[in-house]
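Colleague: Quick one: this structure, given as structure tokens, is what I'll be asking you about.
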Amino acid sequence: MKVVVVGCTHAGTSAVKSILANHPEAEVTVYERNDNISFLSCGIALYVGGVVKNAADLFYSNPEELASLGATVKMEHNVEEINVDDKTVTAKNLQTGATETVSYDKLVMTTGSWPIIPPIPGIDAENILLCKNYSQANVIIEKAKDAKRVVVVGGGYIGIELVEAFVESGKQVTLVDGLDRILNKYLDKPFTDVLEKELVDRGVNLALGENVQQFVADEQGKVAKVITPSQEFEADMVIMCVGFRPNTELLKDKVDMLPNGAIEVNEYMQTSNPDIFAAGDSAVVHYNPSQTKNYIPLATNAVRQGMLVGRNLTEQKLAYRGTQGTSGLYLFGWKIGSTGVTKESAKLNGLDVEATVFEDNYRPEFMPTTEKVLMELVYEKGTQRIVGGQLMSKYDITQSANTLSLAVQNKMTVEDLAISDFFFQPHFDRPWNYLNLLAQAALENM
């Protein structure tokens, strides 16, 4: 069996390992256009901020490891064409310019995503940068050495983490976002209010509800100003963090896709062509809160889907369980966890919900110290089905987001969570765990 894997970051690396573990006889050929694999882009802000000293530590695999497992790994090869009728892949060696065409029995599309680049006048100016891969991380580090004024465009996780990194390294930082709140997809207003105040207190200039209209360059062609409808900001460097779109042009009109280009897959990672599989940022996910297809480019989704490709390559063995989009964030000492829909995003997902916000100490007051936990539970009206939750504290409560994630995945109700069994030990929690208390508060509000 000949297997061709196109793209090798998180989903691709996971898929190759799973394919060879489950099908050691398979002839696996991997094409990757970059000179590295498995880069954890979520660590770029840690690298920029000096928490991670060596960017090489942000790789968890390498071509040599995959080769040792039995794969033929072709780095710096760009796939230019996929012929789904003849079942062939044509790739170009970016070092020599030579092209080659190979046949496949099974094709795995793990081509990932690429940052969205809005068509803003002046966006081609020097020092307007993207933040996705290893080479871009190194460019940001190098450019930041001389930059005093940094503008970050986009208030999602990557943008916010970069803001923190630049503040910690002494830069003057402006955050521009078209929405009126930061982290709008992940947190509701009670949480973002706290975090926005934290940013302002740290000297960050927040320009929320503002879209960039133009970038202005100086005489050397370097970005100098960022202009919005009501303001303009001086800048030595701009980082664009406005989201991602799937890299799936190679299969356009050849398999079913969402309007944004994300490849539709079934629960076994098969596309509309049963011999073509897709996983990671190039593919859709099944979003459990709304029971719909969605596009959520997260490394956690990628590694799970990649593993499933290997399990289901020749027969349908292990079904995808879907995702809640569970995520965590560390920002200026705050530990934050989120899963499922927010109250605000629920409407966009076709859900009619209520939400309860509750705050309590994570452990008894008789202990020498404790910390407040701010929580929210989002649940369907009528059914009480839990569809989302958020937590934030100076204490690390982020693993509780995983607990809420399981509650969403398993369609638990508010009543279920209110009386669920959790341990009690005064070092760690109270006789009623704070998640119990959150759900009990929700019951009181019904």
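The backbone N, Cα and C atoms fix where each Cβ goes, glycine too.
Okay, so Swiss-Prot annotates it like this:
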type	residues	note
ACT_SITE	His10	active site, proton acceptor
ACT_SITE	Cys42	active site, redox-active
BINDING	7-11, Glu32, Cys42, Val79, 110-113, Lys132, Tyr157, 271-281, 298-300, Phe424	FAD binding site
BINDING	150-165, Asp177, Tyr186, Gly243, Gly328	NAD(+) binding site
MOD_RES	Cys42	cysteine sulfinic acid (-SO2H)
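Tell me about the surroundings of these features in the structure.
Modeller: His10 (active site, proton acceptor) falls within a helix when secondary structure is assigned with DSSP.
Neighbour count (other Cβ atoms within 10 Å of the Cβ, all protein chains): 14 for Cys42 (active site, redox-active).
Sequence-distant neighbours of Asp281 (FAD binding site): residues of the same chain at least 6 apart with a C-beta under 8 Å from its C-beta are Thr9, Ala11, Thr111, Gly112, Ser113, Phe244, Pro246, Asn247, Pro297, Ala302.
Under the DSSP three-state reduction, Gly243 (NAD(+) binding site) is assigned to coil, being neither helix nor strand. For Gly243 (NAD(+) binding site), the same-chain residues that are 6 or more apart in sequence and have a Cβ closer than 8 Å to its Cβ are Pro115, Ile116, Gly154, Gly156.
Cys42 (active site, redox-active) carries a helical DSSP state (H, G or I).
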Colleague: Tell me, how many other CB atoms lie within 10 A of the CB of Gly7 (FAD binding site), whichever protein chain they belong to?
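Modeller: The Cβ of Gly7 (FAD binding site) has 27 Cβ neighbours within 10 Å.
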Colleague: In three-state terms from DSSP, label Asn273 (FAD binding site) for me.
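Modeller: In three-state terms, Asn273 (FAD binding site) counts as coil.
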Colleague: If you measure from the CA of Lys132 (FAD binding site) out to 10 Å, which recorded positions from the list His10, Cys42, Val150, Val153, Gly159, Leu162 are inside that radius?
Modeller: Cys42
Colleague: Round to a whole number and give the Cα-to-Cα distance in Å for the pair Gly7 (FAD binding site) and Cys42 (active site, redox-active).
Modeller: 18
Colleague: Of the recorded positions listed here (His10, Val153, Gly159), which is spatially closest to Phe277 (FAD binding site) when Cα positions are compared?
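Modeller: The answer is His10.
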Colleague: Sorry to bug you, but what's the C-alpha spacing from Cys42 (active site, redox-active) to Val153 (NAD(+) binding site), rounded to the closest Å?
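Modeller: Pair distance, Cα basis, whole Å: 17 Å.
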Colleague: If you skip the near sequence neighbours and keep only those at least six away, which residues in the chain come within under 8 angstroms of Val150 (NAD(+) binding site), Cβ to Cβ?
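Modeller: Ala144, Phe166, Lys171, Gln172, Val173, Thr174, Ala235, Asp236, Met237, Val238, Ile239 - these are the non-local Cβ neighbours of Val150 (NAD(+) binding site), listed in sequence order.
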